[in-house]
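According to TrEMBL, the protein has these features:
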type	residues	note
TRANSMEM	70-92	transmembrane segment
TRANSMEM	129-148	transmembrane segment
TRANSMEM	160-184	transmembrane segment
TRANSMEM	215-239	transmembrane segment
TRANSMEM	259-277	transmembrane segment
TRANSMEM	283-301	transmembrane segment
TRANSMEM	313-335	transmembrane segment
Amino acid sequence: MDLKAAAAVSSSMVTAGSVSSVIFNLAFFSKDASKRRPATIDYDIALLSQPSMLLGVSVGVVCNMIFPEWLITALFAIFLACSTCKICGAGFKSWKEETDRGCGLEEEEGEALLVGEQINEGFLPLRKMMILLIIWVTFFLLHLLLGSKDSKSMMHIRQCGGAFWFITLLQVPIAIMFTLYILYEIGHTNHPIPNQQRDELEAETRSRIKDLPMLIFPSAALLSGTMGGLFGIGGGLLINPVLLQIGVPPQVTAGTTSFMVLFSSSMSLVQFSILGMKDVNQALVFSGLCFISSIIGILIIQRAIERSGRASLIVFSVSTVMALSTISITCFGAVDVWRDYTRGKSMGFKLPC
């Protein structure tokens with residue numbers, strides 16, 4: 001399987017894994033089965049980042065069609081290496097903070113240590129979910145209008161014609177308008193404070209986020225979405241280190257990125273499907289395995305965190321996978337590039353149309 005076909009299959013696998021993670025966290029992840037609580041997700045960050053991330057996915061998928069495989073391999077290796085270093089640094093910082101606090105809070109205090117054990121009880125924010133869904137459907141309809149060489153457009157738009165490029169570029173002002181609207185909503189919404197005393201860690205995190213320029217989240221999401229569309233990954237590999245560097249707790253970071261990746265990876269999968277995705281049966285098999293493996297992984301890391309009291313284990317598990325991925329992708333990618341070169345395959349850029 002070449003790198004570009006692998007990117008499409010990877011998008012399918014990431015979508016399946018994020019679906020299982022989000023569903024499992026929202027519906028079942030609670031110590032008390034009789035009290036189902038929403039997952040530890042920062043919906044404001046997800047809302048603010050989502051339009052830019054979906055725009056970035058569109059840019060990344062186009063780049064995937066244009067860039068030669070050797071360039072994609074090199075960019076992916078560099079991207080993973082930098083992200084791994086950032087996440088490792090955030091992991092050690094989180095480990096030190098947990099040690100200073102005495103290896104986390106005691107179990108009876110009920111602090112959320114992983115996605116699904118919400119710090120504050122509450123209901124699923126349906127209004128924010130509806131806004132996220134509207135954003136996703138808007139971009140989805142634009143891609144249906146565009147179509148591809150292999151699948152006709154809904155409005156029979158000629159590929160690479162004036163209408164084609166107009167609709168393609170229309171994604172930019174749409175993403176900007178959604179982002180500005182969400183910024184307005186966040187700025188004029190008063191977050192209710194529960195009757196119980198707010199967790200000090202959560203309050204400190206909120207203070208850090210408010211002191212940051214709000215455009216940092218759309219900017220990081222745009223780059224993350226571009227990488228996700230280019231490499232066929234969910235995009236959480238870039239958002240993770242950004243949130244951790246800001247000071248968002250690992251459990252909140254994991255929940256928020258899983259939720260965001262569900263939207264970005266599914267959009268990437270839709271675009272690859274419209275562009276003519278191959279190996280569909282193989283993608284379905286791998287996606288099913290990824291769905292099951294995601295649930296197993298959540299259960300394993302949950303048990304480890306409950307025993308150790310350290311949520312930073314989430315960070316180290318992610319960084320370990322990324323480090324191994326960097327090594328394997330660099331090695332196998334170099335072999336594939338050399339094979340293409342010796343066979344006389346074109347190593348240059350391709351036209352988008």
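In case you wondered, yes, glycine gets a Cβ from its N, Cα and C as well.
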Among 70-92, 129-148, 160-184, 259-277, stretch most in contact with the transmembrane segment (313-335) (C-beta, under 8 angstroms): 70-92
Which of 70-92, 129-148, 160-184, 283-301 contacts the transmembrane segment (259-277) most, counting Cβ pairs under 8 Å: 129-148
Remote residues contacting the transmembrane segment (160-184) - C-beta distance under 8 A, at least 6 residues beyond either end: 47-48, 50-52, 54-55, 58, 131, 135, 138-139, 142, 145-146, 214, 218, 352-353
